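Okay, so here's the structure we're looking at.
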Amino acid sequence: MLPPRLNVEAFALPPAATKMAPMHAIHIVGRCLRLVSVYAAYHYVIARGVSLTLFVFVCLSGSAAVFSALQRPWRGRPLPNSLLGPALVNGGVMAFSLLLWANGLRNCGPVRTILGEYAGAVLGALSTLLFSRNGLVWRRIGGLLAMCAAYYLLSQGWAMSSYSPFSFGSTNVKEVLVEEEEGLIKSSSMLLPAFSGILAAIRRIISRRVSMKNHAKKRLHAVTVAAAACFIFPFAMFKLAVGKQHSSSEPYGSAAWAYTSTILFGVVLIFYVDTFVEDRLHIVVASPTHILVTGVGIVLFEYIYGMDFSLLGFVICATILGLGIYEATATEPNIRDLDQGNSFLKEDRSSVNVLTLPS
């Protein structure tokens, strides 16, 4: 008796999943390269003691040059003043946001700074809480409380092996690193990354509102980055005139690699990746899926660089944060806005079927 023939088609992936796999790969690779730039910048800033204002200015200037070469905003149809005005304002917001981000990176380390970028989801949560009428108020309040709890636990050092109550998956760190981080474990330590994340979310919202077409969005972003470099220029020159650098003997800290990776991966590439992922996969920055991809990358790089890291504490904080964002930006079943709850800033996306958007 012949054995029954296996149905190979039953084990095959659906065509939709096969088509989406390369897009998800682009998302993962883009996020990992961005994390490479974050850790390179962190070790350079810590090792060399450079002025953060100068560091941000050089990175913005290099990024503006790259964006200008790629997008050439001066060519084609002239951009109207109604678009240039918000783009210039966005430049100031970007400059201030990156300054806060750089200070948070030096004071809090990569983990808390990266997770602090998701604080911008608070804007979407508050908008759905204030302007929505579908009776999910308590669910949103619970989500906001969960987000606050996650950031409080991060501020208390739960993601660091030196201060986490969990020893599972913790790394062994030098006593010097523990002494440097002694004064950073307090409730206010997450304020800089959180405010930076909120300002970055405001910048994305303004950009999304003034550029309905993808091509215009890219041209306007080139103007925004150039404006940010101009805003920070006088402060950078002042720091260059009066500032002093304090070098140390850290094993990491290549200046060329720190600046190059931050410009190419941390500013330029991540903009195109986030734009592509948002348009094709409908995954916005402040979403649980985005946190999942970033969290896996953080775990890998924390172990690669031998940082002060507690795996279980980090997983708990990231899980609470992701659940908080999901609940705080919840809408009616099967209807989740592309901006994750920014209902008061919705766009007319006629080409996108909102009913089929994943959460």
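Every residue, even glycine, has its Cβ placed from backbone N, Cα and C.
What TrEMBL says about a protein is an automatic prediction, not a curated fact.
Listed features, source TrEMBL:
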{"type": "TRANSMEM", "residues": "52-70", "note": "transmembrane segment"}
{"type": "TRANSMEM", "residues": "82-102", "note": "transmembrane segment"}
{"type": "TRANSMEM", "residues": "114-132", "note": "transmembrane segment"}
{"type": "TRANSMEM", "residues": "144-163", "note": "transmembrane segment"}
{"type": "TRANSMEM", "residues": "183-202", "note": "transmembrane segment"}
{"type": "TRANSMEM", "residues": "222-242", "note": "transmembrane segment"}
{"type": "TRANSMEM", "residues": "254-273", "note": "transmembrane segment"}
{"type": "TRANSMEM", "residues": "285-305", "note": "transmembrane segment"}
{"type": "TRANSMEM", "residues": "311-329", "note": "transmembrane segment"}
Self-check item: Criterion met for the transmembrane segment (144-163) and the transmembrane segment (114-132) (at least three Cβ pairs under 8 Å)
Solution: yes
Practice problem: For the transmembrane segment (254-273), could you work out the same-chain residues 6 or more beyond its ends whose Cβ comes under 8 Å from its Cβ atoms? | Solution: 26-27, 30-31, 33-34, 36-38, 40-41, 43-45, 48, 55, 58-60, 62-63, 66-67, 70, 221, 225
Exercise. Tally Cβ pairs under 8 Å between the transmembrane segment (114-132) and each listed stretch (82-102, 285-305, 311-329), then give the stretch with the top tally.
Key: 311-329
